[in-house]
Amino acid sequence: MQPLEQEKENADREQLEQLLEEGRQKPTVPSSMSPSDSAENSSTTAKLVFCFVGLQASYLTWGVMQEKIMTTQYSPTPLVEDGYFPSATFCVFSNRFLAIIVAAAICMKIHGTLQTAAPLWYYSPCALSNTLSSWGQYAALKFVSFPLQVLFKSAKVIPVMMMGKVLNRATFPAIEYAEAVIITVGVAIFGLSKTHSGGSEDGKTTEFFGLLCLTLYICSDAFTSQWQDRIYKAYPKQIDQFQMMYGVNCSAIIITMLALVFSGELMAVTEFLSYHPQALWYNIITAITSATGQLFIFYTIKQFGPVVFTIIMTTRQMISMIISTLLFGHSLSSGSYVGAFLVFGAVFYRIRRKQLDKAARAAAAGGR
């Protein structure tokens, strides 16, 4: 997935629509607890800590490695004269390579077969969009800062809503449009408030290309989740999240391999990694943490539901921005902090609103 990407996170990552629908909240522990209740509460707390630490460790490491791969300048090689890692496509390929192994192992353990109810070609549209999404995410780091990339991800609620209306005829209340507007304004303020090293036309052009990569990322990501939702609806209760992970990655690895060969990047990557094996280790660590992140996503949603999961991942975004700013020396202006506050404020409000809505529906159903 995503990575398990799927922060994962992809790392990779809207392959969870079915789990999100099935996610459940743990019941509140009563004030007078028996010893068995107390033991269960302790076990639940331990599981929550395990999920939090696992998700943070996986996706924070994944984010740092991702930035190191795309922004570290090595000594030039005959085929890569600028010294930067030459292929965002290879980064996507390495993540998919490990993800398909993990997904295949889980499918064999659970189902005893790699065959899915849907034919493999049916996964191809979302596999292509998932590949484009991951490529845009990696490629953007050559042109824009990691903190901007992190905030830009929050704006994907807009294309998700648009794709939902187009593909699945979904409807949304006015409050969701308002939240989307606030998030977009926050991202715009953050992007426009960054400290510029210069006002050259070349700098503006490369930054604009970075924003195009990020736009490709969130639009493709939105299409991925909506197409996966179509697959789940076309094959209700016949395909689980691990089969989805396997099917999508089967098509994605073919797409990325063909792209590497026909673009000529495979030769450049092979030479570059032979000169700079450290870059290979960065890719391996990224692939591993993407896969572990996906597994922690599944486990967290299964145990605690989508609300707890979303809070943990939003917290991860904030921490990753801080780590990136400290490790890679990104400068943030006062306007950047205002933009970040608007985005994260809207996201947390959205989480709280959905939690209250769910509680109200549950209370109304219980009162019948």
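These residue numbers are counts, starting from 1, taken along the chain as shown.
Using N, Cα and C of the backbone, Cβ positions are placed for all residues, glycine too.
TrEMBL lists 1-25 with the feature compositional bias 'Basic and acidic residues'.
TrEMBL lists 28-40 with the feature compositional bias 'Polar residues'.
TrEMBL lists 1-40 with the feature region 'Disordered'.
Long-range neighbours of the transmembrane segment (174-193) within the same chain, counting only residues 6 or more positions beyond its ends whose Cβ lies under 8 Å from a Cβ of the stretch, are 144, 147-148, 151-152, 154-155, 157-158, 161, 211, 333-336, 338-343, 345-347, 349-350, 353. Summarising the annotation, TrEMBL assigns transmembrane segment to 174-193 (among others).
Sequence annotations record features per position, and here TrEMBL assigns transmembrane segment to 208-225 (among others).
Per TrEMBL, the feature transmembrane segment maps to 246-268 (among others). Long-range contacts of the transmembrane segment (246-268) within the same chain, counting only residues at least 6 positions beyond its ends with a Cβ under 8 Å from a Cβ of the stretch, are 1, 15, 79-80, 86-87, 89-90, 92-93, 96-97, 99-100, 103-104, 107, 114, 116, 118, 120-124, 126-128, 130-131, 228, 239.
Annotation source TrEMBL lists transmembrane segment at 280-301 (among others).
Sequence annotations record features per position, and here TrEMBL assigns transmembrane segment to 308-328 (among others).
Long-range contacts of the transmembrane segment (334-351) within its own chain (CB-CB distance under 8 A, at least 6 residues past either end) are made by residues 147, 151, 154-155, 157, 176, 179, 182-183, 185-194, 307, 310-311, 314, 317-318, 321. Taken from TrEMBL, the feature transmembrane segment applies to 334-351 (among others).
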